[in-house]
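Positions annotated as NAD(+) binding site by Swiss-Prot, on the basis of sequence analysis: 53-54, Gln131, 177-179, Glu197, Arg202, 243-244, 264-268, 274-275, Tyr323, Gly493. The active site annotation in Swiss-Prot covers Cys411 and rests on sequence analysis.
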Amino acid sequence: MSFTRLDKSRKISAPHGTELTTCNWQVEAAKRMLMNNLDDEVAEHPQALVVYGGIGRAARSWECYDKIIETLERLKPDESLLIQSGKPVGVFPTHENAPRVLIANSNLVPEWANWEHFNELDKKGLMMYGQMTAGSWIYIGSQGIVQGTYETFGSVSRQHFNGDAKGKWVLTGGLGGMGGAQPLAATMAGFCMLAVECDESRIDFRLRTGYVDHKATNLDDALKLINDAMAKGEAISVGLLGNAADVYSELQQQGVTPDVVTDQTSAHDPLHGYLPQGWTLEEYKAKQESDATGTVNAAKESMAVQVRAMLHFQKEGAAVLDYGNNIRQMAKDVGVDNAFDFPGFVPAYIRPLFCEGIGPFRWVALSGDPEDIYKTDEKVKELIPDNEHLHNWLDMAKERISFQGLPSRICWIGLKDRARIARAFNDMVKSGELKAPVVIGRDHLDSGSVASPNRETEAMQDGSDAVSDWPLLNALLNTAGGATWVSLHHGGGVGMGYSQHAGVVIVADGTEEADKRLGRVLWNDPGTGVMRHADAGYDIAKNCAREQGLDLPMLDTK
């Protein structure tokens, strides 16, 4: 079989409107969302099938992509398509309430679960890296991480600055698909931000889509923009063209200490995701092929320089946090023994939300009409009338977030709200208030769907950080509940060997059957997050389980 990764002639865009090209809306949704992942306005490098996160792909090759589309277009309502690391490998009879697509991406037996072995298989065309929402077809552009980042920066503001971020600034690295959300989220939370990015095209993309306010090509100009804005009490963001390790070190040498320091480069993948100091992008890309080992070593040494600077900033009083790209581990691998002295963002700022099943709930309007999203925004406000913080988020999102590809929205809600909101959306489709069905999903970064000891499950209070039964149970339960597609991935966010995680997507098509499926799946899915945290002993999760009536047989066992 031929194997084409790069095809510069490709330009993918998901169909809009109400005309079906498949047997029903469940299958149509899978087709459109796969295509949407590769839209030029959504993906980082769509002609190479790369959606975000280093080499996170939507399909293994263009031949596989074409065959997936062809298979979805002939799939019957009682069949399920199986995807193995981006390749369509089988269609089997199931039933109409079963998932239409079942996906497994990047999974390796633990002894072989490392980048070296994965890269061998990847070169042979036997695997692909699915990241989290790239290979599970529910990426929505940088908006997908904006609210989570906004929630984190809001928590940083409350914990360290009495809730007032005015006159404070954040230093970070990386403006890719995930990192690109940081500048907008920071300014929404009241901070100024300096974001270092080595690829100028990424800064330009974030400028064009409104995620970053200014571009600078040297540190002095960037700092002047930041300082002038803070003096006026304004919150702005600056994308600085440069190498993160260089800039962090230069700030340290100048004696400049930011108020908050983090990083969202693709440090999880040292071969493809982190530019070594002193290298050009062209040199980096060439050496990925000619000297993979040397490239990885050089990238990790540069990460160590950056992490040492972050540790220095922490000693100088900055609030320093790992934002989930595993840069601490990479630095520790090459001798920074105290790399973990600064915390990850989940245990420091997000875990109480996870204890209530609260996480990144997202939905997409298959009509392609932004008005459908604005109507659902208002429905969420109507159904959750007393959450001013959520209302503020939805208002800011409408005003400040540009849609990428099919119109979409994200908001962090939990066990008590997801199912009832999804069923309300289904009623809106049924009544014709929405022009077409709505796709509902989430990030794999959620309360019950991931095991990642250096990120989502870092520092669990019972020591169960590395137990990965939980995402497997989550995927099994969502399959049994009737989700439209379910995925099981390895290595997302933090790289090979460091995480296992599950995704779920379900369609609200206005039918009675969909109403029942939505009620099951979107109760069960966040319910597994409350279950996982209650099992680990968190009182917030135990109380939530009791209040919401979860049936957890060991809940009150001493």
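Glycine is treated like the rest: Cβ placed from N, Cα and C.
Highest local Cβ density among the recorded positions Ala244, Cys411 belongs to Ala244, counted as other Cβ atoms within 10 Å over all protein chains shown. A distance of 24 Å separates the Cα atom of Ser266 (NAD(+) binding site) from that of Cys411 (active site). The two recorded residues Gly53 (NAD(+) binding site) and Cys411 (active site) have their Cα atoms spaced 21 Å from each other. For the residue listed as 'active site', the spatially nearest entry among the binding-site residues Gly177, Glu197, Ala244, Gly493 is Gly177, judged by CA separation. Contacts of Glu197 (NAD(+) binding site) defined by a Cβ separation under 8 A and a same-chain sequence distance of 6+ are given as Gly173, Gly174, Leu175, Gly179, Ile203, Gly239, Leu240, Leu241, Gly242, in order along the sequence. Within 10 Å of the C-beta of Tyr274 (NAD(+) binding site) we count 31 further C-beta atoms, all protein chains included.
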